[in-house]
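Straight from TrEMBL, the features:
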type	residues	note
DOMAIN	B:17-232	domain 'MacB-like periplasmic core'
DOMAIN	B:269-389	domain 'ABC3 transporter permease C-terminal'
DOMAIN	B:490-684	domain 'MacB-like periplasmic core'
DOMAIN	B:719-835	domain 'ABC3 transporter permease C-terminal'
TRANSMEM	B:265-290	transmembrane segment
TRANSMEM	B:313-339	transmembrane segment
TRANSMEM	B:359-379	transmembrane segment
TRANSMEM	B:411-430	transmembrane segment
TRANSMEM	B:436-456	transmembrane segment
TRANSMEM	B:495-518	transmembrane segment
TRANSMEM	B:715-740	transmembrane segment
TRANSMEM	B:765-788	transmembrane segment
TRANSMEM	B:808-828	transmembrane segment
Amino acid sequence: MTTTSYAHRATAVAARAQDLSKVYGQGETQVVALNRVTVDFRQGEFTAIMGPSGSGKSTLMHCVAGLDSFTSGSVRIGDTELSTLKDKQLTQLRRDKIGFIFQAFNLLPTLTAMENITLPMDIAGRKADKEWVERVIDMIGLSGRLSHRPAQLSGGQQQRVAVARALASRPEIIFGDEPTGNLDSRSGAEVLGFLRNSVRELGQTVVMVTHDPVAASYADRVIFLADGSIVDEMLSPTADGVLDRMKAFDAKGRTS
Amino acid sequence: MFRTALRNVLAHKARLLMTVLAVMLGVAFVSGTLVFTDTLSNAFRNQSAKSYDKVAVAVTLVTNPDDPKSVPGLSQQALTKIGQLDGVEKATGRVSGFAGVPDKDGKLIGAGWSNKGTNFSPGKDGKDPAYDFAKGSGPVRADQIALDQETADKGGYKTGDTVRVATNGPVKEYTLSGVFTTEDGAVNAGGSLVLFDTPVAQKLYLKAGYFQEISVAAAKGADADKLLGQVKPLVPEEADARTGQELADEQAQMIEEGLGTLKQVLLGFAGIALFVGVFLISNTFTMLVAQRTKELALMRAVGASRRQITRSVLAEAGVVGLVASAVGFGLGVALAVALRSGMSAFGMKIPGGPLVLTATPVIAALAVGVLITMFAAWLPGRRAAKIPPVAAMSSVHAVATTKSLVLRNSIGGVLTALGAAAIVMGAGAGGESGRMTIGAGAFLTLVGVIVLIPLLSRPVIALVRPLLTGPFGVAGKLAGQNAVRNPRRTGATASALAIGLTLVTGLSVLGATVGTALDKTTTDQIRADYMVTMASGEGLDKTALTALEKAPGVSAVSPQQAGYLELKGDFASASGVTPGAIEKVINLDVRSGSLASLAEGKIAVADKTAEKKGWKVGDSLPVKFSDDKTGKLTVGAIVKDSEFVSPVLIDAKILDAHDVRPYIPQIFVKMESGESAANEKALITSLGDNPAITFLDKKDIKDTFGGAINMMLNIMYGLLAMALLIAVLGVVNTLAMSVFERQQEIGMLRAIGLDRRRVKRMVRLEAVVISLFGAVVGIGLGAFLGWAIGQTFKNSLPGYALVLPWDTIGICLLLAGLVGVLAAMWPARSAAKLNMLSAIKTE
């Protein structure tokens, strides 16, 4: 792993995958989704995972986030090894240490924006840290719409609620699965801006899967996956740089 | 379009499961009823045809033995003359009445009404063709009897044993000459049959030398109609002479009518079950249509007309209905078979016979199933047709609109208000007409509440929400909100449950109210410790009264001897009582005059009757007795109307003087030391251990009324169970739909940390909330109806007061909660097992 210019900000590792493999099926029909992947996600870093369809980028995120099981290797969130955890413990880990942002927003339509934001704390039976939640809401810019229900909010606003929900419980790491996939470019840019700000200003760790080079350019680091392996990495990415790199993989993929 | 419909059915097999089950159960109920009654009526008809098989002509003469002017019966001479007619093979005379036999414990075998005694009428060969002797032979001496096989088995009697036989007089001992098998109706009904020698039976039941019935068996080739013509002149004019064929037909018709009532009642309950099913079916199709919005819009976009869309939904419903009805019919046949063997297991002997499958139940089953399903799918089908073609293009699912709820609520409000007004009016009016008004009002209210229920769901469930959030945390909070998310669906689901529970609660409120009033009447009016009656329902012998008066420990005895008097030109039913004793056994509230005057030959009149006729104490009324003798009776007292005696009380001795055979349905006995096992034993002994006589203490008296009410209630609850079962399927259906629709949400909740246990709890609580909501609405409505109908009985029931059966209501609520938990079992499991990744993945 190359030392980066951000090393001084992020010494500790928030999540780490080591020799992580995920195999579907057996024998002839065997499909290797992840092939001995080793990667660190450092605290206070915004990482984007990119790759063509079927490269295993979503699978990698799901395994690291404790949403999916894996065949071999190890995944750690902080000091916790995931491979030995039962469903109940995994659920608790996700609840207490991980935040999620989904492509389809996935807010509960019966709850108000505010209730959606505090839902993870409600589930955990914890009192929300009021000051922190207020700070997050201020940053997201939703103060006027907290009593609205999701159906009364635009897509961009809904995703901002989702970002606030992920931030509100101060998780050790936030995973985003194509968080801008359902948004127009302006709303997408806003949401990505918030994610970057949360890293810069709040010291949050964010890992995001995307196929959009522009979205990836908001990250501190981009890792590229192809055929279940990490094939490249880019620091301080730009949209054009990422696009070029992707094109190169595509060409390679076609010739090989 | 039909192919699309068929494909859709196949594609949604799992989601249609509950719909199919509901239709199936309803159809099974309908076809089971039809097949069962058809089979039963066929078996009974065959049996009656068989019993009249050898009867060419039958003559019956119903006589009144109390009337000295009437013909005493069919004489021996007539019988002999008929027997000598050309073409007559054999003429048999019969005379029958009540005869009871005790089991080993001295208790009567059979139910009283099904204990029969008749004469043994041997032919020249010494055999009576109606009875097949398994052991021994028929009675030919005055001290001999024969018993049917089952009674002999139950009582442990063997040929040569001494058997105590109770008829309407004192018990007599006979020797058992033989044991037989027979197709006699009394035996088939689980009773007993005692055969006496003919002169004995004649003396017991009619008059020496006379019969009640003569049946004629024709010789080969003889014409029954011709025989009838020859028989008629030989019997008294009052006698009813008919051919066996006519009698068989008449009996068949009576059976048909009797079963027709049963059929209607059963079909009524089947109708309720099907009605409840409509809500479930409608919910399912609403969901299927909602899920296919895009697909249907696409069809519209490529040129399908609105009508075609509606028709395709209806065709889909038709296919579902057809499949469910076919299976339901099979189930119904099985149900009919099970019902028949079930009835046999309960001691009701049903004549054997083949299972009768006619076209009617098949057609009815299919028509009912298909039409109900299509009817329920009609509204969702119309809604489907309203989907605009542009919906195919939009990526967002069309959200259910709530605008039409305004119209819906207004209609519901008006209907409910009208219905409630009618119910209250009916309750105020009372009587039969009041009950009719209540019936109409109940229907309106039920429909109104069903229409209103989506509106009601929000505030009612909001009320209980704190109860959910408190102990169940976030799972409870989400469950409470989920329950009102789709008010129409929640409403329809709750309605289904509410309908069944409205009926159950209404019935149990009514039952408890009437039962308590009757209890109170008994407690208030009966001072006696025992009420003595005949198990057969016939009258007690005068000797029983004398015996009881002499029994040890007795302080007062009075009969309630039924008699009819013509007082001042109008018939009045009178109770013959013992002056001086009657007020000790019955609480007769004297309004004016004195009961002591009964001993002077005066009468006591109930206040209601006296008021109506304008009679006062001291009035002298012209009277005509049953033997047409006339005289004058003076009113000696006005008493409060009582349930246990007739409106006119008179010294029994006066009635005795005019009645040939006094009819004493009840004797009331007051003991010096109250009710006790020893006292009861002493009374039984004083009447010669007669198994045909029943001694009822106060509790038994209450139970005779209350028991009948409870049994009727239990039967109705049983019949309503099908409707409740379908309602439960509806809850399962709704929950399964909810879980299916909210996969993404549940996946998200799991991802952000809601564990499986709490996901399950969330689904379960939603089911419990919906079930309890339905239960509360149903119980509320049922209690209201029960109160209203109870009010109409107010005037005819002394001691009427509304009684709410809290235990039944509590059980209903508990069961509703349990139903919720059980109904949610499968949906909750599938919610907990949900694959998180596929759930949160976007299309």
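Here the Cβ of each residue, glycine as well, is placed from N, Cα and C on the backbone.
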Among B:265-290, B:411-430, B:715-740, which stretch has the most Cβ pairs under 8 Å to the transmembrane segment (B:313-339)? B:265-290
Cβ under 8 Å, sequence separation of at least 6 from the ends of the transmembrane segment (B:765-788): give me the contacting residues as numbers and ranges. 420, 423-424, 426-427, 438, 441-442, 445-446, 449, 453, 456-457, 460-461, 464, 468, 472, 475-476, 479-480, 482-483, 490, 493-510, 513, 727, 731, 734-735, 738, 802, 804, 809, 812-813, 815-817, 819-821, 823-824, 827-828
Looking only at the domain 'ABC3 transporter permease C-terminal' (B:719-835), report the model's average pLDDT. 87
Contact call for the transmembrane segment (B:265-290) against the transmembrane segment (B:436-456), three or more Cβ pairs under 8 Å: no
Positions whose Cβ lies under 8 angstroms from the transmembrane segment (B:715-740), at least six residues beyond its ends: 15, 18-19, 21-22, 25-26, 29, 265-266, 269-270, 272-273, 275-277, 279-280, 283-284, 287, 482, 485-486, 489-490, 492-493, 496-497, 499-501, 503-504, 507, 746, 763, 766-767, 770-771, 774, 819-820, 822-824, 826-828, 830-831, 834
